[in-house]
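Participant: The structure that follows is given in the form of structure tokens.
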There are 4 protein chains.
Amino acid sequence: MTAVRRVGVLGARGKVGAEVVRAVEEADDLELVASLDAGDALEELVSAGAEAVVDFTHPDAVMDSLRFCAEHGIHAVVGTTGFDDERLATLRGWLGDDPGAGVLIAPNFSIGAVLMMRFAAAAAPFYESVEIVELHHPTKADAPSGTARRTAELVAAARREAGLGPVPDATSTGLDGARGADVAGVHVHSVRARGLVAHQEVLLGGVGETLTIRHDSMDRASFTPGVLAGLRWIADHPGLTVGLEHVLDLD
Amino acid sequence: MTAVRRVGVLGARGKVGAEVVRAVEEADDLELVASLDAGDALEELVSAGAEAVVDFTHPDAVMDSLRFCAEHGIHAVVGTTGFDDERLATLRGWLGDDPGAGVLIAPNFSIGAVLMMRFAAAAAPFYESVEIVELHHPTKADAPSGTARRTAELVAAARREAGLGPVPDATSTGLDGARGADVAGVHVHSVRARGLVAHQEVLLGGVGETLTIRHDSMDRASFTPGVLAGLRWIADHPGLTVGLEHVLDLD
Amino acid sequence: MTAVRRVGVLGARGKVGAEVVRAVEEADDLELVASLDAGDALEELVSAGAEAVVDFTHPDAVMDSLRFCAEHGIHAVVGTTGFDDERLATLRGWLGDDPGAGVLIAPNFSIGAVLMMRFAAAAAPFYESVEIVELHHPTKADAPSGTARRTAELVAAARREAGLGPVPDATSTGLDGARGADVAGVHVHSVRARGLVAHQEVLLGGVGETLTIRHDSMDRASFTPGVLAGLRWIADHPGLTVGLEHVLDLD
Amino acid sequence: MTAVRRVGVLGARGKVGAEVVRAVEEADDLELVASLDAGDALEELVSAGAEAVVDFTHPDAVMDSLRFCAEHGIHAVVGTTGFDDERLATLRGWLGDDPGAGVLIAPNFSIGAVLMMRFAAAAAPFYESVEIVELHHPTKADAPSGTARRTAELVAAARREAGLGPVPDATSTGLDGARGADVAGVHVHSVRARGLVAHQEVLLGGVGETLTIRHDSMDRASFTPGVLAGLRWIADHPGLTVGLEHVLDLD
């Protein structure tokens, strides 16, 4: 097993980047060698001897950084958003047929959120009913959350593949909105209350029993174990990988 | 303390009545002396020496039964629905100024559901946010449930009285229904899944903390302790009483 | 895919067997052709043309039944307890090198319980902490439950394999029993309360987040979907199989 | 209603005091006029015109501060520990028969924790079973928590007063500790896991139903609303008061 030791952080002065900086500093097997933010020269990564970078920056900046990394054989663990098929194809081109560097891009670095989604999809074929309740602080602008939508889509796909029809629901009278939002046939409910941080519950129901998978994120720092797991995995996995589930070996 | 011992059950052959019959038979301090259903003569209550009846019948039948009980000084514990102000006034007239009998009418005989509603209303003034999630089997026709609507109204009234404004909610983008139904300003979510019976959760949220009150009803028989509590209370409380909370001494 | 259609039930007059009888009768793709109990002749299975049996009987009876089934090429789905290595070896001998019949033995036919155990073990390597709370009716004689013990052992094995040390626990002062029972280094808590049926929660915790997997069994019938899944799977899987997880294709 | 406006904070440089400072500064109806810590002269409270103080300091220091406040007619809201009957009697002596100042001492300023305890005790007479699960971070030294012990004692007292006997429990075989710690006949379970902050669940169970009251404290700041409520209440309540429940008007 090859292991990255020297790490550079891009976006180091942002809220998320600052958490990454702290997590890398606290990890015994990693060393923080560069902390860059907008305006800093990427060449510093080379002079500092960075073997890998963590990039939580901006869609406008990330492609330039990744091209630089690919050219210099620096691995990248990327939480920046905005990757579409075109960008991914471009990345693959830069990495080439015999990539010297690995790039891991993940929309969600929370290990718990990824496990919740995978378990929900794995259990879905065995249950007649499934419903999602996500709970967040009241300053969140979107409802349902992106994680809830993604979970619903994964669960709906697993149900289709297993040949399951629509969930049973005899509701014939009621108030608008009571049964939540419909995402690919899965009912999703969004609770917003002061004191909450970020929580989600997937409830699967069959005759006489329910199975509930719940993820509670109480702290912004909860994504850092996923980033560290990515750093420890990337040197052995050259080329482009999308999704933390590959790091968690859940396939 | 006066105590009822000899009990008659009206609607004894219905599903609910059958549970009452069983609960009265199993109670050491009570004796089942009459089991009547549609078509049976109310006079049997008198000949059997019933001191109290339990009535889970039909709105069409209940007023005749209660007039008979009032005339014969028989106490009544009533779970039948359909009582409006007019019916309650009629009942008060029958009982008179110096009532010899007590009549307890309650829309909900589940002690847990009543406690949940009272606690939610008592806590509401201290919390910026409150939201309700109710969960039932998928053959339920209405959403939200009657208990959830009633809880929302009680909570909303307690907030108004405490001078609280609307709950905080920054949702600006999303899918229809995600934020649930609006009952008097309180968001209510209805989950329907196979395996569930009847459950409700009231979530109150303030800075850095949440308080959750949850009631799980796993069995049809869960209302019988409330009926027995009513039977043990009624002899000392002549006249008309509406609501199990008075029996539970929560006022 | 081969499919069993004609099913015999052994132990048909027991509580569990009666649920199996009902479930087979209600399944569109299965036909109940024989209902046997202690004292009935196994030959009836042959004359009725049973292709498979379900056996929820007694350790004293089950081996005779399984030998009969093996000799007559009848598949068996078995929930009876008491199988040790010796019995399993004997069974393998009866089935032979080219088995015409399949035998599925499972200590737990609840799909939800099996999924909970598998998900808990799959998640365990990613979490510093793990703890189990199981909740049952107060007439249960053993604490912790067999499922909780088995879950703890699976989780502990997964932690060992991932190189994790003991769970963090700074408790230095307290009352006996507060931290629960120790099963292979995993703390297990047993709650007993009227109104509960059979429930279990596995709580996994890491920096800033927790993942909770909860199974609620509200009804004795909750094991029947697992039995039916076994019946639909057995014809394609000759020989001996132990554990419902193989049917659920979770390996 | 009389209202305090000008507030001094004692112990202002401690972790808890710093949260109080911030909360007072953020409250529209309050003004922070003095921030003192060990070594600072109490006379500053007088010169700054403080009408009330908040004291989260040390048992060694608090009595001197409270004598000073009593002598100068300054109200006090006190979260410092270590008050026994002797200290309370001394305080009452200082305040005199016609107290000009109010002193509120509370072992717990979390509104949610206080509500949970009160609701649990109010519900206890109606339930055959009750059990407590408390969940905290793994660096906590004591198990069970002080709040859990106090809750168990309140619940046990309510059961005794209602004439209830021991909780039903048929456990006859098992592992040491599985059934938790015994506090006045109530089983208490302590879960410790990374990612948790401070949580407690009281589960009450009767025939076919359970009522669960759960408090989740996700942030150190969750006690500040209780302190502010005390400050808004104290001017109208001269003399000594012990317990936040009086402020919450739950008696």
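In case you wondered, yes, glycine gets a Cβ from its N, Cα and C as well.
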Participant: Say TrEMBL lists B:Gly11, B:Ala12, B:Arg13, B:Gly14, B:Lys15, B:Val16, B:Gly79, B:Thr80, B:Thr81, B:Ala106, B:Pro107, B:Asn108, B:Phe109 as binding NAD(+): which of B:Asp37, B:Asp40, B:Asp142, B:Asp169 is in the same site, per that record?
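Facilitator: Only hit among B:Asp37, B:Asp40, B:Asp142, B:Asp169 in TrEMBL's NAD(+) site, alongside B:Gly11, B:Ala12, B:Arg13, B:Gly14, B:Lys15, B:Val16, B:Gly79, B:Thr80, B:Thr81, B:Ala106, B:Pro107, B:Asn108, B:Phe109: B:Asp37.
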Participant: Between the binding-site residues B:Thr80, B:Asn108, B:Thr147, where is the Cβ count within 10 Å the lowest?
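Facilitator: Selected from the binding-site residues B:Thr80, B:Asn108, B:Thr147 on minimum Cβ neighbours within 10 Å: B:Asn108.
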Participant: Same chain, not part of B:His137, B:Gly146, B:Thr147: whose C-beta falls within 8 angstroms of the C-beta centre of the (S)-2,3,4,5-tetrahydrodipicolinate site? Give them in sequence order.
Facilitator: B:Glu134, B:His136, B:Lys140, B:Asp142, B:Pro144, B:Ser145, B:Ala148, B:Ala198, B:Gln200
Participant: For B:Thr147 ((S)-2,3,4,5-tetrahydrodipicolinate binding site), which of the listed recorded positions (B:Gly11, B:Asp37, B:Ala106, B:Asn108, B:Lys140) have their CA atom within 10 A of its CA?
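Facilitator: Those close enough are B:Asn108.
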Participant: Which residue, out of the binding-site residues B:Gly11, B:Gly146, shows the minimum number of other Cβ atoms inside 10 Å of its Cβ in this structure?
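Facilitator: Output over binding-site residues B:Gly11, B:Gly146: least Cβ neighbours within 10 Å is B:Gly146.
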Participant: By a 10 A CB contact count over all chains shown, which of the recorded positions listed here is most packed: B:Lys15, B:His136, B:His137, B:Lys140?
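Facilitator: That would be B:His136, with the most Cβ atoms nearby.
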Participant: So for B:Ala106 (NAD(+) binding site), how many other CB atoms are inside 10 Å of its CB?
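Facilitator: Other Cβ atoms within 10 Å of B:Ala106 (NAD(+) binding site): 21.
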Participant: Max CA to CA distance in Å over the NAD(+)-binding set B:Gly11, B:Ala12, B:Arg13, B:Gly14, B:Lys15, B:Val16, B:Asp37, B:Gly79, B:Thr80, B:Thr81, B:Ala106, B:Pro107, B:Asn108, B:Phe109?
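Facilitator: Among the residues the record ties to NAD(+), max Cα distance equals 21 Å.
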Participant: Can you give me the Cα-Cα distance between B:Asp37 (NAD(+) binding site) and B:Lys140 (active site, proton donor) in Å, rounded to a whole number?
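Facilitator: That comes out at 26 Å between the alpha carbons.
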Participant: Look up B:His136 (active site, proton donor/acceptor) in the DSSP assignment and reduce it to helix, strand or coil.
Facilitator: strand
Participant: Within 10 Å of the Cβ of B:Arg13 (NAD(+) binding site), how many other Cβ atoms can you find? Include all protein chains, please.
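Facilitator: Total other Cβ atoms inside 10 Å, all chains included: 13.
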Participant: Across the domain 'Dihydrodipicolinate reductase C-terminal' (B:112-248), what does the pLDDT come to on average, as a whole number?
Facilitator: 96
